[in-house]
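My questions will all concern the structure given below.
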Amino acid sequence: MSATTESESAGKWIPLESNPEVFNFWAKKAGLVTSQAHFEDIYGLDDDMLAIVPRPVKAVVLLFPIDADGEARRAEEDSKIAREGQPKIDNTIFWVKQTISNACGTIGLIHALANSDVTFTPTSLLQKYIIQCENKTPLERAELLATTPLFADIHAESADSGQSAQTIDTDLHFTCFVEAPDADIRGAAQGAGISEGAKTDTKTSGMRLIELDGRRAGPVDHGECTDLLKDVANLVKARYMSASTSVYFNLMALTTAPQD
């Protein structure tokens, strides 16, 4: 899906197909050690279908249709976040603003891989990019991506590897979900003091369900996370599918389970 603002130098990219083979192709080219992590299809959102997804799941990528109602809901949510903040969100989450039209597949891949404890080859494109992005703003990270030709090359090769006919115009968009420690736990790991409430909390998991969408104003905290795959499935059904008549939804899981 087109970004809110486009990088004039980068123009429009061909959308990626929502297909594990395409995503694994991109990930391997960018530097993921695919013998240790890979993408798999999620064939359904009921418990029986989720049970066949290899665990552990490190991230979930969702392809969904953009429509006016959904855009209005997301804008309202972003406004609320701007007013009230997100006090429990982890300050180390890696997020990139999308500024290239149709680059949401690459942005989703970066968000999934950079926020999971997966292994990259030491001199790979993605490893270097993550290191170079340290202390950069989301827009500066976007500019670095747009001015690194290898990202455009890998995206184009990956788009070519898909089975669907290529088209520039699409109303489909990728977003990504990961789990991350809440702010108190992350703060304690960084040497900061921890609140009394967090010290005595025995009821919550200490993990948050985070949505990473380059078209949004920033990461979105969707609340406590106890099981990433099931929590994403419930959220997608409640917030995405229930408000749409479209059938163009697809989900993939990044898993560190051995490949068959």
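For all residues, glycine too, the Cβ spot is worked out from N, Cα and C.
Automatic, uncurated: that is what TrEMBL annotation is.
Remember, predicted model here, so these are calculated numbers, not experimental data.
What TrEMBL records for 12-256 is domain 'UCH catalytic'. As annotated by TrEMBL, site 'Transition state stabilizer' applies to Gln98. The active site, nucleophile annotation in TrEMBL covers Cys104. According to TrEMBL, the feature active site, proton donor maps to His173. As annotated by TrEMBL, site 'Important for enzyme activity' applies to Asp213.
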Given the recorded positions Gln98, Cys104, Asp213, state which is nearest to the residue listed as 'active site, proton donor' when distance is taken between Cα atoms.
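Nearest by Cα distance to the residue listed as 'active site, proton donor': Cys104.
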Please average pLDDT over the domain 'UCH catalytic' (12-256) for the predicted structure.
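The answer is 92, the mean pLDDT of the model over that range.
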What is the interatomic distance between the Cα atoms of Asp213 (site 'Important for enzyme activity') and Cys104 (active site, nucleophile), given in whole Å?
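Cα-Cα, rounded: 8 Å.
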